[in-house]
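Q: For reference, the structure I am asking about is given below.
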Amino acid sequence: MENLDNIALENFKEYLQIPSVHPDIDYSDCVKFLTKIAEDLQLPIRVINVTPKNPVVVLTWKGTNPELPTILLNSHMDVVEVSEKDWKHKPFGAEIEDGKIYARGAQDMKSVGIQYLEAIRRMKLQNITCLRTVHVCFVPEEEVGKEGMELFVNTEEFKKMNVGLCLDESCGNETEKFIFLYGEKSCWQFTIHCKGQTGHGSTFLDNTPGEILVYILEKFYGFRNEQKEKIRNGSSTEWDAIAVNCTKVSGGDQHNVIPNEMTATFDMRIPPTYSFEEMEEMINKWCKEAGPNCFVEYHDKQDPTPDTELNESNIFWCAFKKASEEMNLGLDIVRSIATSDSRYLRQLGIPTFGFSPMNNTKPLMHANDEYLGVETFLNGIKIYCGIIQKLANVN
């Protein structure tokens, strides 16, 4: 077992040392690395280029009944940008200190991709077989959106995979329990344009862009405070409330000139339990109240994503729950506050579970000095062995 742990840790480190970082990622080193792992595990591998620069890599462990819908173990190869000067460790050094491995992607989510493969290695060495075929999928562009899983699910290659269930990422949790995600909020990103009278900065003009902007900000932050109060008084949770934040304010070129337009950009995350039509009506109403030349421009306006049902009718949920109970894994069952590639599967009606075996772990996705405990990483492989066997043997 010690040798298997060393192999897993070395593969994790090597994967972390590949700087598949935005922007302008070259995924060729990831493909070479995964091809080497596939050869070592004696698993067939396919590379599907959804765009010329964006490959999806799929390794397949064939089941004894390949006609059954398959299990998809999904992870993404890309990681977010780093500011190296703000890190104590090299972001792509995969250095180990005090039992923690530091690198961009340690939690989000290169650990999970390697854990899938190392779990399969251990099961194959024990001559374990599964009824269902298991596909291990490594996708590009999850962190930025449009040219990875969204394109892949519409290909013939994906349709031929006959996916019955997908496992995807969750996040770290500082308690003994593991975060389990059954759904996620939808992302709206938009700019409110506030146009009004322009003139000299010394004047008292009416209907200036600044006044309109203040009205809009007061409306959005009043709504935000209402959502925060629901969380504080226990009538809602962070996972179920609508989050909204102003992320950018722009306007003006000169210090002494009132501009003819100011803008505020917002990021809003909406659970599927809310009426999206009512949200849009509310935003339009505020713009109309603010003034005749105030309007909204949408940059991203996602449709609601249906939650994955967790009940006795979902045979995969029953299997996951049983595996968790047998391994004494406590679960925090929640809806994701952010978006992931899971939405593209759920929108096709494919049940999708978000699960990353990172309990007793400070969430550091996108943070400086991102790390994962070595023991947490290795324990996650054992956990996936139990979970994958249960899911892939659902008859």
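Using N, Cα and C of the backbone, Cβ positions are placed for all residues, glycine too.
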Q: Quick one: which of Asp40, Asp98, Asp108 does TrEMBL put in the Zn(2+) 1 site with His76, Glu169?
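A: For the Zn(2+) 1 site that includes His76, Glu169, TrEMBL also lists Asp108.
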Q: Glu141, Glu143, Glu147: which one does TrEMBL list with Asp108, His366 for the Zn(2+) 2 site?
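A: Within the candidate list, TrEMBL flags Glu143.
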Q: Which residues, in sequence order, are found in the same chain with Cβ within 8 Å of the centroid defined by the Cβ atoms of His76, Asp108, Glu169 at the Zn(2+) 1 site, excluding those residues themselves?
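A: Not counting the recorded site residues, we get Ser75, Met109, Lys110, Val112, Glu142, Glu143, Asp168, Ser340, Ser356, Met365.
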Q: Given the recorded positions His76, Asp78, Glu169, His366, which lie within 10 A of Glu142 (active site, proton acceptor) by CA-CA distance?
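A: Passing the 10 Å Cα cut: His76, Asp78.
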Q: Whole-number Å only: compute the distance from the Cα of His76 (Zn(2+) 1 binding site) to the Cα of His366 (Zn(2+) 2 binding site).
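A: His366 (Zn(2+) 2 binding site) has its Cα 14 Å from the Cα of His76 (Zn(2+) 1 binding site).
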Q: Using a Cβ cut-off under 8 Å and a sequence separation of 6 or more, which residues in the same chain sit near His366 (Zn(2+) 2 binding site)?
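A: Counting only residues 6 or more apart in sequence, the Cβ neighbours of His366 (Zn(2+) 2 binding site) under 8 Å are Val80, Asp108.
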Q: Return the count of C-beta atoms lying within 10 angstroms of the C-beta of His76 (Zn(2+) 1 binding site), excluding that atom itself.
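A: The answer is 26 other Cβ atoms.
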Q: Using DSSP, how many residues of the domain 'Peptidase M20 dimerisation' (182-292) fall into helix, strand and coil, respectively?
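A: Summed by class, the stretch gives 39 helix, 36 strand, 36 coil.
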Q: By a simple count, how many Cβ atoms lie within 10 Å of the Cβ of Asp78 (active site), its own Cβ left out?
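A: Step by step: centre on the Cβ of Asp78 (active site), count other Cβ atoms within 10 Å, giving 23.
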